[in-house]
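Read through the structure below, which is laid out as structure tokens, and then see the notes.
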């Protein structure tokens, strides 16, 4: 029965939607708890029993006061008995409670008293009885918490018998001193002031301050700063400030001249709190403080029913005992566990929670709400987004990397739960050692906000002290820690915590659970933004109020503001400067003015609109009160006033007329000045053009500029290509000239490098050729002039350097031109951009140039000014047209006649003819045709100026004679003059008419009639207007006369100035005409000089070309003669050799192929080429020499074989390529079939074997001679082989290779297949096929050699259709070596150089080295060899072979 209402009470009090314990609802709690009559005694008795025991302990400071303890003790016992009737088990509870408290409080009494030395005594509304001593320490913990929450509230709730110390010093922290210092100063202040006093007298303060042993000046300054109220007494904050200043001085720091604003505001605020609290304390001593958890009220009201209702339950005593056992721990914990005592309340809570197992239903209301939230994070998820609005203001930080351990457990424990009152909370499971930052993390804020909303069921926006005791107590911390956390979080000692402050308190608790001490002062990271901003705003308002009070005090305005007229309202603005502004009246300076009469409408008293308005009775007395004389007097006075008004009006009108005339004169003067300035602009040579630049024109110019800029790279590339071609041509020309001047030099070397440069490979080839020539000369016995190629190379290098230098200079010039053009284009583009119009310039242009948005008079003036400016430009252009007439363009779209017909178009199209100084520009033309004509004219003019600077006469227009041009220019000038005269005449007429209208000189009546139109004010009364009209007319006549005289003078001056300008213009025209004639003469002279120079250059070129052609012709003839001589000589040798071969054919029939094959190898071919190249060095290479037709016909077999045999094709290419490198006049190039040049010879050793296979005959004896000497062996080897002369090829490796691989090679080269029909009769002579097949290989190994077979050798060498069949085919078709090496007779041994060519050794050994001995033999050497001369005597080969052997010729 009792548990239900009890539960209902608990549910209401602790539910999320109900106010919490001690939330100012003690009566409601009592009513709910006590359904029967014993309502009043029940709370009284209940509160006295346990509450007073805890209260006895609660006032920890009041331990020495014995009255309080007996008061509580006795009172507690009495109601227990009275309440025992309602609940029998209750009487035993206090005794056990007292025993438990004796054990706990004896341990806690001393520490609690030390922790809260300034705690206020708890309120006790009942009489004091003697309690047991242990209850006092238990209450000490509660008094400590209450002291931290109250600002003197404990004393107010205490009966009058209790001391009033708490009222003297509010529990407010001063920021400029530390907490320990404030505690010391408070103790000292209380000891000096005594009980019940709030201020310290000046004498006591002086005694205390003198103990600091500071000098008098310092103490005087300290007193001045500390006594902020100027009352001669010190409140506690002022005393603390004085002690703080003394400490500053003692530590060696200087005293500030004035207090900082924050210190001054703190001190004044605390002083005001102390002064305001005095009246409240005297008014109601038993009133409880609303700024802290209300422990006293809950003890007196809420707790008794809680204990009484559970008493009927049989198990209540057991539960109470268990709770008791829990309560001591809770109490010790409530210094440590904190908030359970809140539920158990004060000691109330002990009895309340202890005996109340049914109380769980009270949290059952919470339990229902909290059961879903018990799980960690139950309400966190939906509220995660809520703190996101705060981080930017509060500086929330991210969760540390280590996480937030036990935060979920803390949240789960502190959520409203069922049965929390019975639990004994400890820190077990919540403690940790995590790194927790000072600032609140976002995760923490989310959880704390969820916890706050769970407890704030009614959405009041705050958590009261009772709820805080219950919530924080569940953390298991001791009471002092929780009290300090509450004190730091409850800013302003409001007694409740809002959302941010609750988060701060929870964060401090969480830090404490992780081993961090609770600070003495809240760090800046934890100050909520609302608190911080509120403090700043409070400081600002306080400063404003201080300044205002000082201003009022100093100015004396505080005495009688209505008399001084000083308005306080002006100084109340947050944004104002504080100074007086204007004489505006407001409520602070209001004073009634009897003279100020309010408006009173009389319209309702009028009968009709025509009725006069009656005079206001407030200002005029009633007519009935005035006599007739008074009325007449008033009428006279009014008449006088009216006359004065008329005079004033006339005077004002005259003044207005004078001002109007002056303004008109000033305007006319401005007009004249503007016209003069415009004329100066038009006539000045450096004046900027007139006319607006349209955006379309600007864009067109930009596009044109871009197109021209894009052409620059292409032009530069073309210039560079031309420069390169010029340099190459110069080098080639120099080579030709040098070869002509030095025929025997090595300048004939053709460079294969870049740009025709001679590379090292070219030099190696040249040296190899020269050495071959020397060896050939040694063999033939001819003398060859060996010239060093150093001079030629040096000359060519110098010329190359010159050409390269000139090319680089030209390239630099081209780059400079490119850079300058780019800079110029960039400048033009920047000018075009800068000239762009923005909105302001466009508006100004439309207003002052297009006359939009101006008055009619100004618009007419603008149009007239534009017309005069245009006419002036035309005249100036015509004056200067004599000099620039040749450059005036004729627009293709508008012929001259059209220009004459259309003056406007004339003025626009003719202006381009004027130079820029005349004022015309591209922007002054409105149509595309005019602009195109202007651009064309400007381009022609600039081109003419440049040509004139170069001495070249400017070209005239095509299709226009001088007479036509003169007529056109004359017609244009006449049209311009006529148009200008018409414009001047019309402008002068308009000006005269305008002056006549404005001044009214010619027709005075008209001017008088026109004048009053808009200038005269309403005329004055007619009765006195005659005289002013006469005076005004006289003044106007005088003014008009003066103005007319002045105009006449100005007209004369203008005429004189015009005549002077015309004379100056004429003189300028004469000077310009003279200058033009002189320029024409100079141009003609320069043009004649240029023409003569061109003729001379052309004549010189023709002479040079003729001389060069003659020289070439002579050289060609000389080369042709030499070629003919050489061909005849070689033809003779070839015929002689063939005859000898025919004689010996029968004896050497078997060995012929072996002997011929090596003889037809590469050395023979190279030999012949070297011999043939000897005469080629002398002249420059002429065209192909003339050769006999039979020689050309014999070249068909090689051509035939060229299309099938790949090796032969390669060798024929190399032989054909040789003429490209060193063309020789005696050689017949037409003989060689055309093929792409192949300077590189094949290095494949089998290449020669395949090209020179042995015929299918009986093998020749094999020799074991080593081919390492490549046929250039020593004399000893040659002597050993003398006995084998009858077998020329037997002892050579080439012969051995040919024998071994003869069957492996193709049976016959494809080049010789076509010869079977022609050579069939001579099959018995094996000499015929080998020469055919061997002739191609002869050319392949050596790239340098000249064209293939010489003409003299082909008729006999190739038994083609055109060759006579009887003679056997000779050895290889070499021009000069065909005779000797190819001798078929067996007896003569082959020369040493003949054998090596075919074997596999590298081509250098078998190529050019072997060619020297065989190639240089003249025709007479064959007879000597046949006579028995040994070839070993030719020792010169060894010397030359050593120099060239092993070299690879590219």
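From the backbone N, Cα and C atoms, a Cβ is placed for every residue, glycine too.
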Per Swiss-Prot, which of 600-625, 626-651, 652-677 is region 'Disordered'?
600-625
With helix taken as DSSP H, G or I, strand as E or B and everything else coil, how many residues of the domain 'EF-hand 2' (477-512) land in each class?
25 helix, 2 strand, 9 coil
Just give the helix, strand and coil counts over the compositional bias 'Basic and acidic residues' (1110-1140), going by DSSP.
31 helix, 0 strand, 0 coil
DSSP on the compositional bias 'Basic and acidic residues' (788-850): how many residues come out helix, how many strand, how many coil?
55 helix, 0 strand, 8 coil
When secondary structure is assigned with DSSP, how many helix, strand and coil residues does the compositional bias 'Basic and acidic residues' (1026-1101) contain?
76 helix, 0 strand, 0 coil
